[in-house]
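The structure under discussion appears below in the form of structure tokens.
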């Protein structure tokens with residue numbers, strides 16, 4: 001049974017008299033920094049000097065510093081820049097500015113788990129990972145609630161790393177919704193698996209192949225779009241609010257029977273296991289590193305295929321018709 005922490009299980013005391021240096025001011029960086037500040041935590045922002053994030057953070061009222069200076073000034077250095085740039089930024093701007101007893105914070109365990117960032121032994125290394133995008137992290141906090149999150153400790157130099165992770169989670173509103181104790185390995189492997197198998201990869205290609213199957217069989221693309229893409233939101237909203245059984249309770253008997261008897265035929269669990277093994281073995285991480293070093297050639301080609309697909313052209317027309325796009 002998972003260990004779940006609520007608001008009453010955490011204290012802000014571990015953050016008293018400490019400065020949190022948030023490295024990066026993108027979607028998560030902005031949201032987490034604002035939540036921390038609104039909870040009374042001393043927050044500074046570390047970004048590339050003169051860039052758009054620098055100006056935006058200053059406009060939002062933060063003290064903004066170049067990354068090396070922010071890392072030196074922070075007691076907690078919370079790294080919220082994209083995974084693929086973290087190792088170089090860490091090596092060049094953060095590592096040498098860490099002091100004994102500092103803490104390194106992450107919202108994704110990727111670079112620590114795969115050994116792309118190797119922190120010194122004299123710092124705590126914690127994970128505070130909200131299970132939602134930055135705009136939702138901020139919105140729910142301002143509404144008096146919060147986003148569920150995961151917390152973990154990779155390295156506990158001070159003996160107080162978990163208390164610090166929970167304090168960070170509380171300050172950002174996550175303990176209001178519930179925070180699950182995990183490990184760096186579990187967070188990254190399940191996160192990548194979810195992205196690749198269903199949330200991004202699985203859903204994307206299920207939609208494309210379903211659309212193509214109908215169009216190739218002679219059905220109108222516009223009708224195929226509604227049946228394979230547009231109506232998906234209705235089902236996902238039901239699952240999100242009521243669970244799988246609740247969704248089945250709210251569709252027709254015909255839809256339920258057809259889905260239950262045919263759905264398994266289009267899903268290949270053996271391929272899912274292969275994807276999971278690629279993640280667990282580090283094969284995917286090595287592939288992604290090489291992809292970035294080569295200028296993301298494969299990713300750009302695949303992205304172009306999606307952008308030029310008929311479903312996108314049909315969808316653009318229909319979304320305009322429905323008033324979703326200008």
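In case you wondered, yes, glycine gets a Cβ from its N, Cα and C as well.
When the candidates 132, 134, 144, 146 are compared with the NADP(+) site entry in Swiss-Prot, which names 25, 26, 27, 28, 48, 53, 83, 84, 85, 86, the shared residue is 134. Residue counts for the domain 'KARI C-terminal knotted' (183-325) under DSSP (helix as H, G, I; strand as E, B; rest coil) come to 121 helix, 0 strand, 22 coil. Residue 83 (NADP(+) binding site) has its Cα within 10 Å of the Cα of these recorded positions: 108, taken from 108, 191, 231. Secondary structure from DSSP puts residue 27 (NADP(+) binding site) in a helix.
In this structure the alpha carbons, written CA, of residue 252 (substrate binding site) and residue 25 (NADP(+) binding site) are 46 Å apart.
Nearest to residue 108 (active site) in space, judged by Cα atoms and limited to the binding-site residues 25, 195, 227, 231, is 195. Neighbour list (residue 134 (NADP(+) binding site), Cβ cut-off 8 Å, at least 6 residues apart, same chain): 26, 27, 28, 29, 30, 31, 32.
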